[in-house]
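Novice: Provided herewith is a single structure, encoded as structure tokens, for subsequent inquiry.
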Amino acid sequence: MDFNQYFLPLFQGEASLIINKKVEEFKLFDRKNKDALFEELCFCILAANTSARMALDMQNRIGKGFLYLSENELREKLKAFKYRFYNVRPRYIVESRDIVDELPYIVSMDNKEEARDLLVENVYGFGYKEASHFLRNVGVFDFAILDKHILEWLSRYFQVKKNTSRKNYLYNESIFREIAKSVGMEPGVLDLYIWYMETGTVIK
């Protein structure tokens, strides 16, 4: 399949203006600001298996509270704001605070695969999707965020692995990387185009 022709209307249309603006926003993220990095990390913890819009709402409401509120305080806030997983995610956030001081180093590592592995190993609630999401949102576009929308699209053209083990995620991502390479685009940027195509919007 010629993906250059497939994506051409999308790359030349209104979507490109929206996505280019979002990409520039990600590139400008202050990767030396450990507190801002942790707030973004918490957004990605909260976005897993729920909507990005809901997670963004929680991030806007709680903000720096991610850094200091107790597990019970976070639980009460998330419950009051009608966040779905208000019981479990506060523990993920509190137990992930140990990594705050290391975040500027991790996101600036030359070896991005190693950086992602460190996040998966050290952030509670993070798998490869969540770690890729976080890195993309702070300006690292090396990876695909293989959520349900992207996997649904990918499965129309390729046989994808269904469960979310490391091996299967990397297998599916390798397919996505080849598509991105064929159209001359970083995986984390092409991901935004497909997400826009599937949902009609771009959040983050």
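Glycine too: its Cβ is placed from the backbone N, Cα and C atoms.
Below are the features I grabbed from Swiss-Prot:
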ACT_SITE  LYS129  active site
ACT_SITE  ASP147  active site
SITE      LYS204  site 'Important for guanine/8-oxoguanine distinction'
Novice: Measuring Cα to Cα, how many angstrom lie between LYS204 (site 'Important for guanine/8-oxoguanine distinction') and ASP147 (active site)?
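Specialist: The separation of the Cα atoms works out to 13 Å.
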Novice: What does DSSP call LYS129 (active site) in the simple three-state scheme?
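Specialist: LYS129 (active site) sits in a helix per DSSP.
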Novice: Provide, as an integer number of angstrom, the distance between the C-alpha atoms of LYS129 (active site) and ASP147 (active site).
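Specialist: Cα-Cα distance, LYS129 (active site) to ASP147 (active site): 7 Å.
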Novice: Restricting to the chain of ASP147 (active site) and a gap of 6 or more, list residues whose Cβ falls under 8 Å of its Cβ, or answer none.
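Specialist: In sequence order, LYS129, TRP195 meet the Cβ cut-off.
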Novice: Looking only at Cβ atoms, how many others are within 10 Å of the one on LYS129 (active site)?
Specialist: 24
Novice: When DSSP is mapped onto helix/strand/coil, what comes out for ASP147 (active site)?
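Specialist: Looking at the DSSP assignment, ASP147 (active site) belongs to neither helix nor strand, so coil.
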Novice: What three-state class does DSSP give LYS204 (site 'Important for guanine/8-oxoguanine distinction')?
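Specialist: The residue in question, LYS204 (site 'Important for guanine/8-oxoguanine distinction'), is coil (DSSP, three-state).
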